[in-house]
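Student: Please read through the structure below; I'll follow up with questions.
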Amino acid sequence: MAITGTDRVKRGMAEMQKGGVIMDVVNAEQAKIAEAAGAVAVMALERVPADIRAAGGVARMADPTVIEEVMKAVSIPVMAKARIGHYVEARVLEALGVDYIDESEVLTPADEEFHIDKRQFTVPFVCGCRDLGEASRRIAEGASMLRTKGEPGTGNIVEAVRHMRKVNAQIRKVVSMSEDELVTEAKNLGAPVEVLREIKRLGRLPVVNFAAGGIATPADAALMMHLGADGVFVGSGIFKSENPEKYARAIVEATAHYEDYELIAHLSKGLGSAMRGIDVASLLPEQRMQERGW
């Protein structure tokens, strides 16, 4: 395996994004706005999650032409999404030269039984999780970066908060366990015990964990950092707002200075309307993207 395919290198690449904001973009123009605002990376896709949710049907990997246009337009890392379990979409993205692949529940799953074996790839993967069981399974498969699933395309932060709090609470529990308790907890979580042992030894996840799913305002981003996120993904929140350029800059600043409440108050002034949100409680079970994956 090439040196760039090792866990150490791939996880190190993800560590370099800590404290930053990664923004969804659908074309080169949006990618330039994101880079100018201070995004540490962009996620190239055909439609933002809000539009995927509204359109329904099957959501797939973006057209390679769109991804290549975004890659040519910016100097920051470019990520792209593959469907859960779709090995070939992931190989296509790797062949295009993207910097990260997101095996994403935002797209329609291709496999309802298996995720991609990410250790076969040189390019690092990011995956979503709702709890430590999901996080540990994705790490065992080779994920180099995690993010909360939240509820994408809603502009509602409540599920991202729930997922971040749950993962962190379960980490604290694991750290305090004895070896025999750890084995039982691995069974309860459906998690590989080797991953839980590494979490116990480190006192944290062995990979970075960003917040994602419903972040729409500078205050939302700061809240997720306050709860322990290593950084923030913003999907629909930027380009579904009234003023994408202002929102992008404000969210980047709020993420970097999440404990400076006077600054966040200043950043929040005169931004215009945030994206229109959806009450997650109103969604039918089949409309909840966070349920995808296992």
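Glycine is treated like the rest: Cβ placed from N, Cα and C.
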Student: In Swiss-Prot, the D-ribose 5-phosphate site includes D24, G153, G235, S236. Which of G128, G133, G214 does it also list there?
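Tutor: Of the residues offered, the record points to G214.
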Student: Quick one: which residues besides D24, G153, G214, G235, S236 have a Cβ within 8 Å of the D-ribose 5-phosphate site's Cβ centroid, in sequence order?
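Tutor: Near the D-ribose 5-phosphate site, the remaining chain residues are V48, P49, A50, V106, P152, T154, G155, G213, I215, V234, G237, K240, M275.
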Student: Compared by Cα position, which of the recorded positions D24, K81, G214, G235, S236 is the closest one to R165 (D-glyceraldehyde 3-phosphate binding site)?
Tutor: G214
Student: Rounded to a whole angstrom, what is the C-alpha distance between D24 (D-ribose 5-phosphate binding site) and K81 (active site, schiff-base intermediate with D-ribose 5-phosphate)?
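Tutor: So the Cα of K81 (active site, schiff-base intermediate with D-ribose 5-phosphate) lies 10 Å away from that of D24 (D-ribose 5-phosphate binding site).
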Student: Among all protein chains shown, how many Cβ atoms are found within 10 Å of the Cβ of S236 (D-ribose 5-phosphate binding site), not counting that one?
Tutor: 25
Student: Considering Cα atoms only, can you say which of G153, G214, G235, S236 is the nearest neighbour of K81 (active site, schiff-base intermediate with D-ribose 5-phosphate) among these binding-site residues?
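Tutor: Sorting the binding-site residues by distance from K81 (active site, schiff-base intermediate with D-ribose 5-phosphate), the top entry is G235.
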Student: Using only the Cα atoms of D24, G153, G214, G235, S236, which the record gives as binding D-ribose 5-phosphate, return the largest interatomic distance in Å, rounded to a whole number.
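Tutor: Pairwise Cα check on D24, G153, G214, G235, S236 gives a maximum of 12 Å.
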